[in-house]
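**Q** Quick one: the structure is below, questions incoming.
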């Protein structure tokens, strides 16, 4: 069919040209592409991947040996396949923000249960399960770092096991091969799915391109030419039909392709005009020309203008609107199809001026047909509106109101003047649907009826009473008589009486509380009233409403003072309950919120400080979220590792003064290097932290291990200060996991505001102070513990600094370096 339409179009051209058969299926650009690429396709090793860019291991360069079909020189060389070159986008996006626990190099994540670098991960996987014994070339005490890790395999492997790496987590050879096989299968499956999707998309594109040509014309639509031809068929004979474009024979019986489109030329049409004539060359006249459409397909059929014969009486035989509408829509679709399909590429070797002329003819015909449809619809709408107004006029009665003030509201609108202008364009198609007969009001036939009586709206209370009286049930959530009295005596003003007897919370509105009781369980006299009283004291809001807890508007101390002064008048608990019930409520409240009741306290003393006054609010604000973030979890793991190293080096069993020898100071500093917060500080800040905070750090470590670490060699005053530390209440918090480890690092980084080491050190101090808050028990603030404990720690550290005469700069520099 496509070839037939193509040949019909070529026959209509003034200069027909012979085209090869393959040109009917592809344009000259496609032919050129096939000719230029066939050689490269034939010489390709893999026809599916014949593009050099598809090979991830090779890339093109400007210089090379062979030449391609396009004349470009190219060569193939091995490309970089490391992750830094973008081979693995996931690895390149990762950031090595962790530190290897074995050598100190940068690491990505956990490997075999420990944060390690890629080098130590591979080393442990290769050597952990080896049966061959590895010997240390030195003294088996090698310090493993980024440089020395490749010198001693034994010490490196020993440290891997020491930090917690597990060889049980290494995959066996069978498991590794199985995992590799699964990866290969998944890769092949994804490749096959991608190829299937590509084939489906290609098929869908081909179907969408051919859908316009293969779509049959709707049976209920008719073109203008077909309508006129069918109407004029009895007046013409088949001999009078003129051949199309005289010098080319056109057999209408054999070839019906021109009737494929709904606005195509019919079998009995008039084609007397030249093929290059334009429908817009003559002025648009609705009494002569009803429409003109053209054929628009992939072959770009020529434009034709259809003229209605003079014998056709338009007023006697009007053209229906659906015919005009289908013709205009078809023409518009033809224009869109030609533009979207790039008709200039599908015309083969045709001249460009012929193509442009055809496009202009199609566009002008579409505009003309649309104008005819719009004009017809406007005239039809005007006639319909006139008839509707004339039919509705008798329905509106003329009213003579008794009150002159109401006259403007009831005056009937004036009768519209009928349209006497004759309509030249037929509107029979628009008025094909019969209009409904005019509505005649029943009964009153007089012209001036009385004013209609508008019934007054019944009050809501009356309607509710009528509904309740008709209800067969005796109970409607509440007794019917009670509800009826409430409705009858309903007042627009809201009752504001408050409860003073203790039945409801002090100051609460009785109406609101009774409404809540009715909604919850029916009558307030029901048997479950006691249960509701007990459940009202389960939440914080209920406690605050009943005066058992401080509200948002006052502090804890102010609330206690108010409760102590109000005890002489009414007790919200004991007034409405027995002694046993009141004690039960107090125990329930105290188990949830703590003992803060004024009834349990004899006298309320004034606070000692502002900090103790706001301890409740501060504690709730600080302990809202006790979840540890990922960064905080890593810091806690580092603190645990430092503590384990302190014990492994036997520093927990020696006198406290021996910790400040040169060898032990180096051990302590090496342990602190496991902490990323200390390791990433500048060298100058590290020395300042060690010189000023190491004594504070050792005091807290002595508090952790006071049973095994002695304080021999200190003066009596120093002993008393050390004993005062462990006698304080805060000393009991050392049983909390990680609490004193965090406190030790926090006092290590602490510096007074007048003499800050640096901003980085102070920020690290705040980080560990916040971490201390999450390690302490709930309702305990880190500010309270730190501010109450830190002066005693400083005082004990001064004794140590005085007894050891401080740390020399040479010792600190050697330990830190």
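Yeah, the Cβs are placed from backbone N, Cα and C, and that goes for glycine too.
Quick caveat, the model's predicted, so the values are computed rather than measured.
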**Q** With Swiss-Prot as the source, which of 150-176, 231-257, 258-284 is set down as region 'Disordered'?
**A** 258-284
**Q** Which of these ranges is annotated region 'Disordered' in Swiss-Prot: 6-48, 49-91?
**A** 49-91
**Q** Ranges 136-155, 296-315: which does Swiss-Prot label zinc finger?
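**A** In Swiss-Prot, residues 136-155 carry the label zinc finger.
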**Q** For a three-state summary based on DSSP, what are the helix, strand and coil counts in the zinc finger (100-120)?
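**A** Going by DSSP assignments, the zinc finger (100-120) contains 3 helix, 8 strand, 10 coil.
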**Q** What mean pLDDT does the predicted model reach across the zinc finger (100-120)?
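**A** In the predicted model, the zinc finger (100-120) has a mean pLDDT of 94.
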